[in-house]
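Have a look at the structure below before the remarks.
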Amino acid sequence: MPSRKFADGEVVMGRWPGSVLYYEVQVTSYDDVAHLYTVKYKDGTELALKESDIRSQSSFKHRKSQSSSSSPSRRSSSRSRSRSPGRPAKGRRRSASQSREHKEDKKKTIQETSLALPPVLVLLKPSENNTKRYNGEPESTEKNATSCIILEQKLKPDLEIKRVLEQYSLRSRKDDKKKEEIYSEKKTFVAVKPIEKVSTKTKEMEFGGRIGTFTLIFFLPATVFYLLLMCKQDDPSLLNLPPLPALESLWDWRVFGVVLLWFFLQAAFYLLPIGKVVEGLPLSSGRRLQYRINGFYAFILTAAAVGVLLYFEFELHYLYDHLMQFAVSAAAFSLALSIYLYVRSLKAPEEELAPGGNSGYFIYDFFTGHELNPRIGSFDLKYFCELRPGLIGWVVINLAMLLAEMKIHNLSVPSLSMILVNSFQLLYVVDALWNEEAVLTTMDITHDGFGFMLAFGDLVWVPFVYSLQAFYLVGHPTTITWPVAAAITVLNCIGYYIFRSANSQKNNFRRNPADPKLANLKFIPTATGKGLLVTGWWGFVRHPNYLGDIIMALAWSLPCGFNHILPYFYVIYFICLLVHREARDEHHCKQKYGLAWERYCQRVPYRIFPYIY
């Protein structure tokens, strides 16, 4: 095993990922397995670098001085090669005019050399290598989106000149060779091979580590089954525990067959060649995966299929009568899917593993997801399960509860409370499917692996817990007045407006920061090249979309009245979920953006609830 070259605490020069620039960093730790050094930049950013991307300060300075002043033999050789045919012989003193002409030619060549550099290197000249500006410490902490457009316009003439010079170059090969030598003398950094992204072991485990994830594997299904049993009770009080059902009553092979049919029907809709194909965010390797955006079309096709079943008088309230069996079947299927996902992840390349699910511990990686984007051909399993089977299934279950209420209570029309719950949640699902592309920028897609946590959450928790209010209203009808219904509707609309406008603002800015429509937005630039919005909803609180989500969750529970706390489980759970997710976001953003994130937090002090939290 090779010994490490740099010790903990040593100050060295580390290469910034994706560039050829070196900055002063401090070694904090070393991974013996992956052979990677964890280094800390001056702005607080921590990255893992290979030994080949780290230089000692002494060798770095020595190389810099060596490149700036060449040896006598090299200087004489360089003058010999660049001499024009009419230049006097060696040893003769040249005139002042000839000396000036030579200096002007050299200056022109250096200018041409800087023109031939990539745009990033032209902007960050070696003589103007400002570490603070590059690492999220700009002279002005806020920038307007129009600055990106102005910078692009300024670069266009230079790029055009470069294109013309390359196409119609009149320089001799000696001049080209001379230009390369001057460029090699002027640069103060060492060009090495592009960094090969290596997935390191997960050091910080979430959800309580191995013990916490092991507990959650059993606790989450038990919670779903408990809530469904409580809703069937005449008195669903927390202290009134429901009797345990017989085990044989929890399983029905016909119900399990319906669950499989539903999953593969949605998979068939996903594979239809309709809808546009877009690229996701860059992976650690720089590659972008392609995704088919046709979730809304799948919803339309599903609605048509359900309409056909109702036309032929299929009793959809069958779901209400066997909801517990459907939940058990979905849980069994999600467990089988999770086992398959973990087994196949053992053969996945290292760079395709999830950054948060590569701890080396079976239980933890099984729960959080070992592989980031598991695919069968072009079929992305995680992206498919994120919105299709569970989210659309949620709407179908709500519809079944509405029909069950009408049948059980002999109603010609559904109750006002049931109409509100179905309408609010239908709007939420349709919005998610209509804006399906936005899910590609969420933590579930970009960071979390696909394991038991997401498989169970997408296929069991979402359809059977999120439909809890509708299920509750079937057995516990609640009457509300029209003014109360109007007030609840206004509250839901406010939450939806905050949720949708904040998400649209964020997604549009991430996709194209130079969009003229976003010219009024101010942001704090970061070392990664991304900006942190400090105006609009994102200048109000750090997670305005979470605020809108929580307001909508409250509006979904209010039509159930205040007789029991059970229908408010969703909003209580959702607050806990989003506060925990916000803490995860905070931790990741602080590591990723460093000092720029600290400045953003100073500018936007409130996380979710303004003036409260």
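Backbone N, Cα and C atoms are what each Cβ position is placed from, and that goes for glycine too.
Automatic prediction, not curation, is the source of TrEMBL annotations.
Taken from TrEMBL, the feature domain 'Tudor' applies to 4-62. Look at TrEMBL and you will find 53-111 tagged as region 'Disordered'. According to TrEMBL, the compositional bias 'Low complexity' annotation covers 66-75. The annotation compositional bias 'Basic residues' is assigned in TrEMBL to 76-95. What TrEMBL lists as compositional bias 'Basic and acidic residues' is 99-110. The transmembrane segment feature in TrEMBL is assigned to 211-230, 250-272, 293-312, 324-343, 454-474, 480-499, 520-541, 561-580.
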Do any residues of this chain, six or more beyond the ends of the transmembrane segment (454-474), have a C-beta under 8 angstroms from a C-beta of it, and if so which?
-> 220-221, 223-224, 227-228, 231, 236, 263, 320, 323, 326-327, 330-331, 333-335, 337-338, 341, 369, 382, 385-386, 389-391, 393-394, 397-398, 401-402, 404-405, 408, 415, 417-418, 421-422, 425, 444, 448, 556-557, 559-560, 564, 566-567, 569-570, 573
Whether the transmembrane segment (324-343) meets the transmembrane segment (561-580): three or more C-beta pairs under 8 angstroms = no
Across the domain 'Tudor' (4-62), DSSP yields 9 helix, 28 strand, 22 coil
What residues in the same chain, six or more past the boundaries of the transmembrane segment (561-580), come closer than 8 Å to it by Cβ-Cβ distance?
-> 227, 230-231, 236-238, 417, 465-466, 468-469, 472, 476, 478, 480, 543, 546, 549-550, 553-554, 608, 613
Local confidence of the prediction over the domain 'Tudor' (4-62), expressed as mean pLDDT = 80
